[in-house]
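These features come from TrEMBL:
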{"type": "ACT_SITE", "residues": "E311", "note": "active site, proton donor"}
{"type": "ACT_SITE", "residues": "D385", "note": "active site, proton acceptor"}
{"type": "ACT_SITE", "residues": "E413", "note": "active site, proton acceptor"}
{"type": "DOMAIN", "residues": "32-150", "note": "domain 'Alpha glucuronidase N-terminal'"}
{"type": "DOMAIN", "residues": "154-473", "note": "domain 'Glycosyl hydrolase family 67 catalytic'"}
{"type": "DOMAIN", "residues": "474-698", "note": "domain 'Glycosyl hydrolase family 67 C-terminal'"}
{"type": "SIGNAL", "residues": "1-26", "note": "signal peptide"}
Amino acid sequence: MNAFIRTLGSLVFLIATLLCAAPTHAEDGYDLWMRYHLLAPEQVKRYDSHASQLIIGSTTPTQTATRDELQRGLNGLLGHAPLLSNDINRNGAIIVGTPSSSPLIARLKLDTTSLGNEGYLIRSVAVDGHTATVIVANTDVGALYGAFHFLRLLQTEQSVDHLDIHESPRLKLRVLEHWDYLNGQVERGYAGASIWDWWKLPDWRAPRYTDYARANASIGINGTVLNDVTDGATILTPTYLQKVAALADVFRPYGIRVYLSIRFSAPIEIGGLKTADPLDPQVQRWWREKADEIYRIIPDFGGFLVKANSEGQPGPEDYGRTHADGANVLADAVAPHGGIVMWRTFVYSQNNPDDRAKQAYEEFKPLDGRFRSNVILPVKNGPIDFQPREPFHPLFGAMPKTPLMMEFEITKEYLGFATHLVYLGPLYEEVLSADTMVHGKGSIVAKVIDGSLEGHTLTGMTGDSNIGTDRNWTGSDFNQANWYVFGRLAWNPTLSSRAIADEWVRMTFTNNNAFVKPVVDMMMGSREAVVDYMTPLGLVHLMGPGHHYGPAPWDASESRADWRPVYYHRADHEGIGFDRTSTGSDAVAQYAPPVAEQFNDLKQTPEQFLLFFHHVPWDYRMRSGQTLWYELVAHYSQGVDDVKQMRETWRHMDGYIDDQRYQQVASFLAIQQKEAQWWRDACIAYFQSISGLPLPPGYAPPEKSLKYYESLTFPFVPGYSSWQ
Ligand code: BDP
């Protein structure tokens, strides 16, 4: 009897708990920033009068996608969709299209010449005696971008009265790069497996592909590279090209072209040739025919991305040819079809004893002007490799005759993977606004890549994606912001990362200012926090060997010197840092003279880059008046304190958003704090073993011994696979 009552009791308790706990608005992050949740009643009232009718020019696939998005968005935000109509017969219509597809728009005679192929106007007008908002472009895709902009205004609760918005992208190629393998693994991926289900393609086109395209179109991304830069040649075989074509079909209405990473030795591997020498006529013919074959099934194929003679990949140098020879043979193959080649500059060689930071410049600068006009060179933001902080890459501004595109890493390979909250907007902005000084003050990196500095029209930005099969796409809710900010900056590299964070938070979580303000502040500070707890004062590449997880400043186990942390920090009993001045590796000389002069001078170098350019004695007096050793410990400790503060901020956010996302962020911040502490303690323990100095007063000693930190091993770190 007792047992029966107990069981009954537990059952009642369980049901009661389930009923109470069932979250009313559980959210798993799948909707990204396109949540379209019902706005507050006063906002609905405010916008209702601007969304009575929806008039769309035509029924092309892109206009249909535009109509569906607006209906979905307005239905969600306002609780009802506007009436679909062909003609205006009431106030508050939304009219979308191009002058050629919509007679209504044609009648307005708006000047669209400056909009180009992808720009749009959003304007409040009067048509036939009725008020309306028109979203006008020269192309359907431009109008789609405009529709997303309009929705964003509502999502972020901005005014839609008296609109006169005029937007067109500053960069032509706005590309996401997927480091995905055909077996489903993702190199440096921390959000699950590849979203491309190659096995089931081309017959099964997962709905997720469409949502992926919507998300990209909403921020203006117009290209996607489907496979990893170190992928094999299989992607170019007929079977796989059919699969690629199926994805291209899904993306086309959203203005997204597909690109492929190709393996330079493909003519040998799948073509049966004996060589891949770019000057061999048979090789040239092979690439031409391969391009023809691709364009037969994907007429708007974007082109090729290439990692050649880099980290063991095959390339033209295997045959004594240059990067230009290699790029040009591919460029010639795709040129008749309007394709382009993105030829990466991320090259360095273990056989070259010179400073790794100098090698890309040394190889590519002499080739300036030797590339075909449909070649663009991606340059990583800094000369090493996507570190938490690096100075801008010296190639920016150094190749005036060659289009360069920015390559950012969106996936956080060196920044704590999925669980550390690091908003990359400030990192991107710092590099884009860095002044190369090549044509005097104001020659900022953004102007190099938007083509305005040297008059290039082929321009672009590419981002190494953080997307995977995780339900929330990116491994954490806050990582979505990094995809978002990348797209927004690729559209306009002079936007402010804070403004972008603000709109993202509003769309992703809530418009409640009590949430928005502290969370945006937290995001904006998060990048400096990770710099502090991982690699302060210009240090780089202290991460664990190969997998790049956790601290390993002591590590010298890698096969290549230039993959070892000790190569980068060069700490010894006297001091720490890499001497790249004129008396050291002279990497500074790769910058324009005023910048070179600044970085060459210990006193003038910004302290955030100090140890990147100088080997500095431990007792060197910093600007604060404290010693370098003191400041190093202080920065490491500050990083941990910042994460504690982030947790505190988040604790106060409880209740403002759904519990599911709130809890996951809270848990991830706890992981981040634990790992920040580990970073701080391991690095201080190690550097103290080298400097032999006592900790400054007031700073806690590391929790464990250096031996302990050195003993940690991580056999199954995600994202570390295949080619390594
Ligand atoms: C490095 C990664 C490596 C990439 C390489 C690249 O560690 O996995 O293949 O960049 O960009 O950051 O080619």
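Numbers run from 1 along the shown chain.
Cβ coordinates come from backbone N, Cα and C, glycine included.
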Report task. Identify, among the active-site residues E311, D385, E413, the residue whose Cβ has the fewest other Cβ atoms within 10 Å in this structure. Result -> E311
Report task. May I have the DSSP-based helix, strand and coil counts for the residues of the domain 'Alpha glucuronidase N-terminal' (32-150)? Result -> 46 helix, 27 strand, 46 coil
Query raised in the report: C-alpha of D385 (active site, proton acceptor) to C-alpha of E413 (active site, proton acceptor): distance in Å?
Result: 10
Report summary line: Between the C-alpha atoms of E413 (active site, proton acceptor) and the residue listed as 'active site, proton donor', the distance in angstrom, to the nearest integer, is 17
Query raised in the report: Roughly where does the domain 'Glycosyl hydrolase family 67 C-terminal' (474-698) sit in mean pLDDT, to the nearest integer?
Result: 97
Requested in this report: Give the helix, strand or coil assignment DSSP yields for E311 (active site, proton donor).
Outcome: coil
